[in-house]
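Asker: Below: one structure in structure tokens.
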């Protein structure tokens, strides 16, 4: 069922793409559906700035031009999914480990469109681990800092980010004020990025249900 919902919202998102634009694309299973749908209009866009090597491979298979973010001046829209999104359009992202590049492209884009199925929309963040990308030498230090905050961490074994770093997943943190938590974790030396997208949150959220797509704009 959820694959059907992901495909539905991915197709709906095409209507947000301007002709002859360069767009940003995230990663994850919903975005894989979006990339397949993007092929149907690929002649209408100049190309894509992409957040992960996995998404890049999928785009190259369908011959969509890939742009380096450093080579462009304007990025009209960034389209990505999320692990959880609340009613304020704040989100937890990074289950796939591409959070740093996702956050960079989202921040560079004029608009951030998040596309999800109904299972990802929550009133408050609940029990989902918060991914944190750390440089290798800071792994244990950052882990101890998270413990001081009342959380605990799990290290993603055999996983290296596209930036050559590690990912730890933080559990049991107080996320009542997620924007403050994002700032606190970002300020820990050795943290590259945290998978809380609250400072740069989505501008528009599309949520797919069984027979319609809901739009939320803040």
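Even glycines carry a Cβ here, placed using N, Cα and C.
TrEMBL entries are annotated by machine, without manual review.
Not my notes, these are from TrEMBL:
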BINDING   27, 28, 29, 30, 80, 81, 82, 83, 93, 94, 95, 96, 120  substrate binding site
ACT_SITE  102  active site, proton acceptor
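Where in this structure would I find these features, and how exposed are they?
Answerer: Classification of residue 95 (substrate binding site) by DSSP places it in coil, neither helical nor stranded. Long-range neighbours of residue 95 (substrate binding site) (same chain, six or more residues apart, CB within less than 8 Å of its CB): 28, 83, 131, 195.
Note: residue 102 (active site, proton acceptor) has non-local neighbours 26, 27, 51, 52, 80, 93, 94, 197, i.e. same-chain residues 6+ apart with C-beta under 8 A of its own C-beta.
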Asker: Which chain-mates of residue 120 (substrate binding site) that are at least 6 residues away have a CB under 8 A from its CB, listed by sequence?
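Answerer: Those within reach of residue 120 (substrate binding site), by Cβ under 8 Å and sequence separation of 6 or more, are 81, 82, 83, 84, 85, 207.
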Asker: Beyond 27, 28, 29, 30, 80, 81, 82, 83, 93, 94, 95, 96, 120, what residues of that chain have CB atoms within 8 A of the centre of the substrate site's CB atoms?
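Answerer: After dropping the recorded site residues, what remains is 26, 31.
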Asker: For a quick check of packing: other C-beta atoms within 10 Å of the C-beta of residue 27 (substrate binding site), how many?
Answerer: 28
Asker: In which DSSP state, out of helix, strand and coil, do we find residue 80 (substrate binding site)?
Answerer: strand
